[in-house]
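Undergrad: Relevant sequence annotations retrieved from TrEMBL are reproduced here:
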- D:10-140: domain 'Exoribonuclease phosphorolytic' (DOMAIN)
- D:ARG86, D:GLY124, D:THR125, D:ARG126: phosphate binding site (BINDING)
- D:159-224: domain 'Exoribonuclease phosphorolytic' (DOMAIN)
There are 6 protein chains.
Amino acid sequence: MRPNDRAVDQVRPIKMTRNYTAYAEGSVLVEFGNTKVLCNASVEENVPRWLKGKGKGWVTAEYGMLPRATHTRNRREAASGKQGGRTMEIQRLIARSLRAVVDLEAMGEIMVTVDCDVIQADGGTRTASISGASVAMADAFQKLVAQGKLKANPMKGHVSAVSVGIVNGQGLCDLEYVEDSAADTDMNVVMTEEGKMIEVQGTAEGEPFSHEELMELLALAQKGIADIIEVQKAALAE
Amino acid sequence: MRPNDRAVDQVRPIKMTRNYTAYAEGSVLVEFGNTKVLCNASVEENVPRWLKGKGKGWVTAEYGMLPRATHTRNRREAASGKQGGRTMEIQRLIARSLRAVVDLEAMGEIMVTVDCDVIQADGGTRTASISGASVAMADAFQKLVAQGKLKANPMKGHVSAVSVGIVNGQGLCDLEYVEDSAADTDMNVVMTEEGKMIEVQGTAEGEPFSHEELMELLALAQKGIADIIEVQKAALAE
Amino acid sequence: MRPNDRAVDQVRPIKMTRNYTAYAEGSVLVEFGNTKVLCNASVEENVPRWLKGKGKGWVTAEYGMLPRATHTRNRREAASGKQGGRTMEIQRLIARSLRAVVDLEAMGEIMVTVDCDVIQADGGTRTASISGASVAMADAFQKLVAQGKLKANPMKGHVSAVSVGIVNGQGLCDLEYVEDSAADTDMNVVMTEEGKMIEVQGTAEGEPFSHEELMELLALAQKGIADIIEVQKAALAE
Amino acid sequence: MRPNDRAVDQVRPIKMTRNYTAYAEGSVLVEFGNTKVLCNASVEENVPRWLKGKGKGWVTAEYGMLPRATHTRNRREAASGKQGGRTMEIQRLIARSLRAVVDLEAMGEIMVTVDCDVIQADGGTRTASISGASVAMADAFQKLVAQGKLKANPMKGHVSAVSVGIVNGQGLCDLEYVEDSAADTDMNVVMTEEGKMIEVQGTAEGEPFSHEELMELLALAQKGIADIIEVQKAALAE
Amino acid sequence: MRPNDRAVDQVRPIKMTRNYTAYAEGSVLVEFGNTKVLCNASVEENVPRWLKGKGKGWVTAEYGMLPRATHTRNRREAASGKQGGRTMEIQRLIARSLRAVVDLEAMGEIMVTVDCDVIQADGGTRTASISGASVAMADAFQKLVAQGKLKANPMKGHVSAVSVGIVNGQGLCDLEYVEDSAADTDMNVVMTEEGKMIEVQGTAEGEPFSHEELMELLALAQKGIADIIEVQKAALAE
Amino acid sequence: MRPNDRAVDQVRPIKMTRNYTAYAEGSVLVEFGNTKVLCNASVEENVPRWLKGKGKGWVTAEYGMLPRATHTRNRREAASGKQGGRTMEIQRLIARSLRAVVDLEAMGEIMVTVDCDVIQADGGTRTASISGASVAMADAFQKLVAQGKLKANPMKGHVSAVSVGIVNGQGLCDLEYVEDSAADTDMNVVMTEEGKMIEVQGTAEGEPFSHEELMELLALAQKGIADIIEVQKAALAE
């Protein structure tokens, strides 16, 4: 039995609070059960040096975890003087996922940076980050349209992500921490709202996984992402 | 006239939400108007190397600001590879202030680290951090007492802090950002609940200040701190 | 047509030269066409601090690229003072892949570090690294068995990896650099010799990919990995 | 009794040697008893990037301590790869203090950097640094006036600083190391020659301090600073 | 007796393989016995900022050692976040040696960077690097001449280097690792093909050395360098 | 003509002031004309980890330059976050030179660190550092003997160093900055008081140098070092 009687293909209760902070062009607190991530999208009318003069925009992301987002305190990355490998891996994934749904040419020479800071971590922080960042980014673009700085929102659709995994031989959707720790296989899937894939990252933590298991996990992800997209749409409709 | 018709000696609406996150031994979201800081106190049954075997505890603090806590985005310190001078100065101040109200001998070889992370910054983040951290630390100690790991709470009382300043010749209590930017003199005062001083840091940003102005600022601070202590007590009484 | 008339499901000519350097416990120069990676496995009779006293071993990996392994010179990471995000991501992947085929309990308190240094880069350096590192690690374990330090080789089998991708709508196995740059989707697959999956990492560089495309890529990967395993076995049989 | 029969309100013998080194535009060795700090002011006809084109100058400061300025050797900050929190705090204080007595607009786009390097430390290094840096900066500006690069010296007056404290219930002026270590309260006061305050930083190291004690410390500081200003004026008159 | 019956004034078998990698403008694998260094020369049509607009070129070098080039594994410098003192010393020596044989004015505003990466280390890696880098640089310049970017090769001749030392009272040419470890005096000599000296660096590891010993070492170096220059010329003649 | 009518083989006026600072076990301000270096020797009853338990001592050195020791200000190494290549090269040279005259076995498990900090730089800072550090180290050892911690001073004699060079075809001893900048060849020689060599580092800055020129430089160095040793002995005799 999963915690809180969740079904194997059921995502945790998801909540997206827009305008969570006052200054960012897009600000969303995303909650997947006890996992809480603040996603702030910042607009800069400027692009990285290597893009200057090409008439294209850029979308990037940074990820961080408050030292006590977790059960025991982690060392603050600013204090240790560098971002760890896990942090870098995650923020590169978030940024790629966001860029996959944006028409960079249509942005003009503007840069959007989405900061995903984990307030509380109970599994699935990277996929929650992507799902929330998509909404924060949409808000930021909407603001640019409202200000007349963009003619239309350059997003081609929403991007959502979910983690799925195999625990004791059973495929599960949207793992929480206790499940994640026990998983043999852990997979993060990032999809567009049309159900096409942007990223698929499956890792055998224990036993290698078979083709059949991969198929089961993909099906669970597809179901979960459909539910997340509903929440994203509802949040933006408010 | 101050924003929101505040009186010159009036602090902003203050709110302290205990148990804001689930895992920290003490977790307080402190709000001074639009300034919001998450203070998480973590307990470790261990002390820094230079204290080992002395039968004493230690209290320390770290401070950070989310990149988009402010009107425009600041570079993430973890990404730039070091904490800036302002950050270091603030976290040293918070830590000294907290230690001033704790009987370190009575703690035994335990360390409390309070992380103060600014979610939204509208002036006075360091004084809000101290005021909130005191409550988070109290909760953490209370938990150790409840677990039988400490016989009594080693805090000698609360510590509170407020910023005061002179704007256009007028002394003001609890500056918000627009006031702070315009201040000629800016002073942070840290006090015990008995009204004794732990830290006084006054800085002439523009014109140097006179002895009389210093007296006016101290009086404003005393009044503000009395109000903050009420909120601290109320929060802990809940 | 692919360069050198390669078939879409055909890997490049692969060569694994054992004992390439003289001092490492395992040393393999792996070549996938023009991609050349030196994989040196080092044995240390010691484990990381967090593992001490648990009777278990550890396998880790580091990855680097010589500054002029590529068409234009890249800045030396030692000179810039940190490893980039890509490097960290890759070395974490190599290490996880290697650990997946080793019985860490059976190793005892020994650590194997495999350094994968890219001498020449023409696409697929991370998958070539994994494929070569598996052989270097096998040699290192064999040496420990020969010295009587281990009773048996703790590897459960070989691990191989290949990159596959979609270029102009066509699935291709073992992308070289010109193909990789043009790919819409790029996927790295790591498998055991039994054909079970250890890692699957697919990324849409351009258009998102469909379930059918994912299936096609997995089939190509399976075919390629079977060929690579032949080369691994042949190398170890010499 | 204080060491060397000093009165409670008496500063140590102070010496300011101008032109201590040959190349700096202003170079002062300041001695407060056994505390010796070399203050070198350097002029650059250039300003930091964020000030360019604004027609304003800038004054900044850096602080360092030779590894064996103290009773036992401290690690060299250049070797440990970063400046500690204490160093940053001090150099920010010195810089703010110096800027408070300079008309930055009148400087034009020129930058003055004052390096304060502690040769020997016996308490009060930050206040000695400020007091000596003021003279070194005056020399540097005088040189610019003599060269016709500035019409007049943009300094509005001297800045001086002294540390005061409470030791065993007794207020003392200009603490030396043995007194500083025993102090319950330690306060640094920075003043203009007109007796106005630029910075007041009081810290309870042991017991919190009362309003009356603060008043006593301020009076001691005022007396000490008057004496230091005499020495500054005498030095510049030579 | 020396290993492999070498005569005291005999260099190890030397091999220089040109075009060892495919992309660098000059690429030489240099082998002195078991010491193997890959020297890649990269051309950039650009100079460091401090040289811009002066119509001159620049030659620089970087040095690195693969972690397992040696008998036991050394920590990767990119992972430890900085280049060690030995690395910096060596790469500065290589760069000075190369510049000594190049007419920088004749280069125009072009920069050549030679990366010397040690694949296997058995003593004399810095002198092998210089000897190999000279050939790699010659190839890079030749390419620029062939492309019409330079009228003539700006090298004034070859530069070669060898290490000599005193082991058990006996002067030896081209020390290998076991000899180097036992040497009382170790000297690196860098010469032009005309036999003039560019660098002489002699160090007493054990006993200080006399004038006579220095003379003996210089004679051995001269003989060794003559042999190395033969190999350089032969390699370029191929 | 040399500045101040110096003869070609004449060293600058040299002064060694012992006990320059109060706390170091040995403290010497060494002046070679306008070059001034403070050499502080610190004793620690402890050795680096890799030496523990071997019954041997260690001698090391660190070198730094105050930012405004030179004609124009250099960036502070502590602020830039690392020691430059030149600094590392120099401090390694100083340390090796000092160790060459100490019987490390006779020291017992004690470490001496000599900090050489350049107050003013007018050429020859590294050789002045070595010459002054030798005296500072002698004082430190003498103190250990006086305290009964060592039976006898473990120094085998003094170590001295001088820079020599060829300027406009003329060999010169003890170059000052204007000479050094114009030198074709620059050589640092470190010798024992018996005239044996510890280090010889000659570099052709412009034209390569001949064997005859090397001989001329060595003779000049021998003469200069004899004069420096006189000053060292006189200083220690006071």
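From the backbone N, Cα and C atoms, a Cβ is placed for every residue, glycine too.
Quick one: how deep are these features, and who are their neighbours?
TA: For D:GLY124 (phosphate binding site), the same-chain residues that are 6 or more apart in sequence and have a Cβ closer than 8 Å to its Cβ are D:PHE32, D:THR35, D:VAL162, D:SER163, D:ASP174, D:LEU175, D:GLU176, D:ASP180. Secondary structure at D:GLY124 (phosphate binding site), as computed by DSSP, is coil.
In terms of DSSP helix, strand and coil, the domain 'Exoribonuclease phosphorolytic' (D:159-224) has 20 helix, 30 strand, 16 coil.
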Undergrad: Which residues, same chain and not among D:ARG86, D:GLY124, D:THR125, D:ARG126, have a CB within 8 angstroms of the centroid of the CB atoms at the recorded phosphate site?
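TA: In sequence order, the nearby non-listed residues are D:TYR63, D:ILE90, D:VAL118, D:ALA121, D:GLY123, D:THR127, D:ALA128, D:SER129, D:SER163.
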Undergrad: Enumerate same-chain residues with a sequence separation of six or more from D:ARG126 (phosphate binding site) and a Cβ-Cβ distance below 8 A; give 'none' if the list is empty.
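TA: Counting only residues 6 or more apart in sequence, the Cβ neighbours of D:ARG126 (phosphate binding site) under 8 Å are D:TYR63, D:ILE90, D:LEU93, D:ILE94, D:ALA161, D:SER163, D:ASN188.
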Undergrad: Count up the helix, strand and coil residues in the domain 'Exoribonuclease phosphorolytic' (D:10-140) according to DSSP, in that order.
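TA: So the domain 'Exoribonuclease phosphorolytic' (D:10-140) is made up of 42 helix, 41 strand, 48 coil.
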Undergrad: Under a criterion of Cβ-Cβ distance under 8 Å and sequence separation of at least 6, what residues of the same chain contact D:ARG86 (phosphate binding site)?
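TA: In sequence order, no residue meets the Cβ cut-off.
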Undergrad: Relative to the Cβ position of D:THR125 (phosphate binding site), how many further Cβ atoms are located within 10 Å?
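TA: That number is 26.
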Undergrad: Which value in Å gives the longest Cα to Cα span across the phosphate site residues D:ARG86, D:GLY124, D:THR125, D:ARG126 as recorded?
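TA: With D:ARG86, D:GLY124, D:THR125, D:ARG126 as the binding residues for phosphate, the largest Cα distance is 13 Å.
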